[in-house]
């Protein structure tokens, strides 16, 4: 992958911000370490993130276009360290004499603070929290009703067990870094469109340690991290809704420089049910009854996610009428009761009638003043 940020995203140098963002989304989806099987996916993903960060920031992009890739990267390499230094420390943009100060947020002062970090001495690496890990799981509505435990397999970076995260064998020879003479820093003078700027950066050869080792760990190749899979037990509480997420602190990737682990986020998807439709914590259900039950009324049993429930259907009930079974819906997440079950009645019109049934319906129609014709039964069907 090319180092140039425009090449990394595959866009032209006059690309709009929207084009850059669209290109970033495609590249990020391709190289995300949780998705891609490429060995260098993580490195490519970081390059894509960095390219997007710079090219969608108007001021950083302007600096990048002016300085070029190499100069811009040198200016940003892990910061120049220390703050507070003024012109006397070699940074013409530091201290109270900063000619670009007082311009408000986002001015040139911010640019040089971001790029050169004030210019002065060494800046110690701060503890950083590890990356979060995302996972998705699908459950049935019955599982969401009762609550359930599931094991999910996650893939994440972990501290290398071979070298305990050091990146080298315990018996490796230790040498003073020849690049920085053991200081852990390198000082360079950078020519910018605004003049010469002195930079003190973390030594790339030793990573700021001031020492190097005779060999790298054979397991992690010096990175101190290895990619592993592990099972995590997920507890989904009763009443969980489709699309909600669970957070498990510390189950993500290990932190850097003593920082805490990242977190694990699990998105729960709930499958559609064959009989019930969910609306928040309420459930919708359609229940069929016979024509006589609709006429005379009846007590019927309707299914719920926790067994059967009795429902009284009053005489003269029409198709489409809705009745409520209180507390027969989904549990509330706070544990305080349940939603309701709303039952829509569907009156089933008989299709095949024997002679007695047909005669009874004719008498029913005549008693109601209906003219008995061949279309009577169809009319009854349409009226129900």
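Backbone N, Cα and C atoms are what each Cβ position is placed from, and that goes for glycine too.
What Swiss-Prot annotates here:
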- 4-68: domain 'J' (DOMAIN)
- 74-105: region 'Disordered' (REGION)
- 79-105: compositional bias 'Gly residues' (COMPBIAS)
- 113-132: region 'Disordered' (REGION)
- 147-229: zinc finger (ZN_FING)
- 160, 163, 217, 220: Zn(2+) 1 binding site (BINDING)
- 160-167: repeat 'CXXCXGXG motif' (REPEAT)
- 177, 180, 203, 206: Zn(2+) 2 binding site (BINDING)
- 177-184: repeat 'CXXCXGXG motif' (REPEAT)
- 203-210: repeat 'CXXCXGXG motif' (REPEAT)
- 217-224: repeat 'CXXCXGXG motif' (REPEAT)
Mind checking which residues reach the repeat 'CXXCXGXG motif' (217-224)? Cβ under 8 Å, same chain, six or more beyond either end.
159-163, 165-169
Quick note, residue 163 (Zn(2+) 1 binding site): same-chain residues at least 6 apart with CB under 8 Å of its CB -> 169, 170, 217, 219, 220, 224
Give residue numbers and ranges for long-range contacts of the repeat 'CXXCXGXG motif' (177-184): same chain, 6 or more residues beyond its ends, CB-CB under 8 A.
122, 202-206, 208-212
Cα of residue 177 (Zn(2+) 2 binding site) to Cα of residue 160 (Zn(2+) 1 binding site): how many Å, rounded?
24
Positions whose Cβ lies under 8 angstroms from the repeat 'CXXCXGXG motif' (160-167), at least six residues beyond its ends
213, 216-220, 222-226, 254
Out of the binding-site residues 180, 203, 206, give me the one sitting nearest to residue 160 (Zn(2+) 1 binding site) by CA distance.
206
Summary of DSSP states over the repeat 'CXXCXGXG motif' (217-224), given as helix, strand and coil counts:
0 helix, 0 strand, 8 coil
Please report the number of other Cβ atoms within 10 Å of the Cβ of residue 160 (Zn(2+) 1 binding site).
21
Additional residues surrounding Zn(2+) 2, by Cβ distance to the 177, 180, 203, 206 centre under 8 Å:
178, 179, 181, 182, 183, 184, 185, 186, 204, 205, 207, 208, 209, 210, 211, 212
Determine the Cβ neighbour count for residue 203 (Zn(2+) 2 binding site): the number of other Cβ atoms within 10 Å of its Cβ.
21
